[in-house]
Every structure is written in C-alpha cells, then in structure tokens.
Amino acid sequence: MKKYDVFIIGSGMSGMTIAYKCASKGLSVGITDELPYGGTCALRGCDPKKVIIGATEVRDFAKRLQGKGIDTIPDINWKDIMAFKQTFVDEMPRKIEKGYKKNGIDTFHSSAAFINENTLSVGNQTIQADNVVIASGSKPKVLDFEGGQLAQTSTDFLNLKELPESLLFIGGGYIAFEFAHIAARSGAEVTIVHRGKRPLENFDKDIVKHLVDATINLGVRLVLETEVSKIESEDGHFVTTGISEGMETTYKSKAVFNSAGRPPAIFDLELEKAGISFSKKGIAVNEYLQSISNANIYAAGDAADSRGLPLTPVAVLEGHVVASNIIKGNKKKVSYPPMPSVVFTLPTMATVGLLEDKAKEKGFDINVNFEKVGNWFNARRLNVDEYAFKTIIDKNSNTILGAHLIGPHCEETINLFAMAIKTKMTISDLRTMIFSYPTMVSDLTYML
C-alpha cells in the first residue's frame, strides 16, 4: 500500500493546481487520471475548440466583407484544421506528466474507486491518503433511450478526421451551438434538437433571440420542445426520432452528437464506501470545499457542488482554495468574483453578473438598458447585423449588476464588465474612462 499526504483524482486545471501547490510545500502527492493528462479544457474542450473556430472566423469575416474589398471567400479545409489543432494537443499530456515528476509528484494512469474513508483502489494498487481530492471534472450525460449509445460525444467531434455531410446535435446548450456554427460554416447540414422551449436557458432570453436568429440564418435547423426518444442506424445514416406534443418526427443525418449536458464524473468512484455525500450536481462541500460528511475529502472544479460555474478559471480558483486549506488547515473560504461566460459562436454571446429576472427577484431597483445596435460604427465597418446589449444597473448605487452581449469580440468586452462589477465602478466612473478608439471596447460607455 502506498501512502500520501494528498492524492488527487483528475488531472485537469483544479487537480493540477492542487498538486503543484501542495508539492511545493513539501507534501507527498500522487495524482491519477484514466484519460490523458491535461483535463477537458486543454485536450477535449475549450482550447482545441477555439483553435478550430479560428478558421471559421476567417471565412465568416471574408463572407461579410465580400463586395466591400474582399472578392473570394476561402474554403474550409477540415483536415488542415484538425492537423493544426493537434499541434496544441499532442504533446500536452507528456509535458504535464514530465512536470509532475520533476516536482516529485507520483503519477498514475487508472480509474479510482474508494475502499473506505481514505483508501482508494487505483488500477491494481491500493492508495491511502490523509487528504483525497476529487477533481475528476465532468463527462457527457448518458442518453438512456433506445440507441443512445450511437450518439458521439464532444470529444469525438473535436477529433473528426472528416466532417460528415450532415450532423444532428441533441441538446440546446453552448456545446451544441458552438459546434453547430463550426460545422455549418465548414459546409455541413446541421440540426439541433432541444427539449426545452428555448435554448441556452442560462443566458439572457432577449440576447439569446439574436443568437437564435443568427443560427437559423446560417442554415442550422433548430427544433425546440422536442424530446429525442430513439436513434437508429439505417443504410449509412442515423435516424433520430423526436416527440413533440405526442407526435413523432424523424431526422436523418450522417452523425449524431450528444450535447445534452455534462454531469460531474463522480458516479463510478464508489463514494458510498467512503461516506461521501453527493448529488447529481457533485460532491456536497462546505465553504472550504471540504466534504460535508468526510473530513478527509475535498472537491474542486466540475466535480464539486459549489457556487462556482463550470469554467476553467473557476476550477483554478477552487484548486488554490483547496490546496491552501490542505496545507494550512481550513482557513480559506471561496470568494467568487463575477464569472463571465461566453458562447463562442459567430456572433459571440457573453454574460456576466445577474440576469434581469434574477436582479428583480433579489429586490434590486434597476434600470435595464437593452438595445440592438447594428447601426453603430463598429457593426457597420464589420458588416455585422447581430450586435446587441443588455445592461442591468442598480439605481441606488449606480453600479452594474449584470451585462449581456452579442456581437463581435464581446468575449473581450465582457471582461471589462466583470472587472467593473467586481470593483463596484459606478456608471460615472466608466463614462469618464478614455478607451482607445475605434475599438469594440470603446462602445462600452454607450451601453450604460
């Protein structure tokens, strides 16, 4: 039996943060991952996705400026995109493991399962640790209807050697929309089937309408209020059956992808044997990110049922808190700053802070500024129609409670709103700022 001060399940950003920080203080540390080291973001999520989006941004930009200085719209070469993406991915697991070993961190490549409150079975080895950290991230939801196993995952999409001529995405969240935009701009026919009344339910409904319009104009078929009940393989195609108001409709495609959500990857850890409380949202933790039922256990990132959003920067933040509490004892509580979230479609959609309805629920007296601004200079110079904003202002303090944007480079602009919310900058503070002009950020003062 091997014994450690700290043993970590999962090698994503929260696990990596904890491992390095604890090892730097002289603690013995082990880490395991049944998948290649690096976690979802670096290998199977945000980073490779953003690399792929780069090529579609070029095509989109050229198409919008055709006849305005651009003659030819470039074609998307899918094989070249995939090859370029791999240059960011291939060496990552090896480099990460090399870094662990250099810092005296023992590495394992197996799934883990609890034997008792502080003992794990890791492959064919037994591991005991004073502190076990569950940082196992999330994984695609299991589709529990007939043929659900025929649907591929987001990882599969990001590793497609060839782009199918037609694709169907189950679910109407950010993964479905981002991949739908990539595929449609790369020449595929795309369908999104979502069971709810509106997609992207965690974003502002008025801003989402603009993205829905842009998505439909791109040629993506968006099917709402439809529950997928079956997937069948038939003559080189997949036939997906959806039910809406008791009526069945079938959709034929060359590939089907599961984008119905990502629950925490904790349900194979045999948590009950360690007396660890959990729910479908993750490990139940206190304000120190320690298990509420087993003091030997901490959790961070997507595996923890915390107030943090499932975002990489949040996982890093929680990783620092867990490491500090393991090293110094439970002294550090998580303080979440405003957490901007982005849907990397074209146009890009971004949000931070409170939604309008939530601000009203909390009792704030608010001003709501909502405007479509496709006539503004920055929209016209880029020939962009879908450019809009909604800002939520607290009348009493004259500060920003929430900002919701759609349009060019709003993934950058939203960060300034996040900073303004965190620092409680007033509207007058922001309006007296001098921003470089003409830039997208210089539009911010007119959104208040």
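For all residues, glycine too, the Cβ spot is worked out from N, Cα and C.
These figures come from a predicted structure and were not determined experimentally.
Annotated FAD binding site per TrEMBL: LYS50, ASP302, in sequence order. When other Cβ atoms within 10 Å of the Cβ of ASP302 (FAD binding site) are tallied across all protein chains shown, the result is 32. DSSP gives ASP302 (FAD binding site) a helix state.
The secondary structure of GLY171 (NAD(+) binding site), as reduced to three states from DSSP, is coil rather than helix or strand. Positions annotated as NAD(+) binding site by TrEMBL: GLY171, GLY172, GLY173, TYR174, ILE175, ALA176, PHE177, GLU178, GLY261.
Per TrEMBL, the feature disulfide bond maps to CYS41-CYS46. Just so you know, the Cβ of CYS46 (disulfide bond) picks up 15 other Cβ atoms within 10 Å once every protein chain is counted.
What TrEMBL records for 4-319 is domain 'FAD/NAD(P)-binding'.
According to TrEMBL, the domain 'Pyridine nucleotide-disulphide oxidoreductase dimerisation' annotation covers 339-443.
Checking each of the recorded positions CYS41, GLY171, GLY173, PHE177, GLY261 against LYS50 (FAD binding site) by C-alpha distance, the shortest gap belongs to CYS41. Same-chain neighbours of the NAD(+) site beyond GLY171, GLY172, GLY173, TYR174, ILE175, ALA176, PHE177, GLU178, GLY261, judged by a C-beta within 8 angstroms of the site's C-beta center, are, in sequence order, PHE169, PHE179, ILE192, PRO199, LEU200, SER259. Counted over every protein chain shown, other Cβ atoms within 10 Å are most numerous around GLY171 among the binding-site residues GLY171, GLY173, GLY261. Around the Cβ of LYS50 (FAD binding site), 15 further Cβ atoms fall within 10 Å across all displayed protein chains. Here the C-alpha separation of CYS41 (disulfide bond) and GLY261 (NAD(+) binding site) works out to 15 Å.
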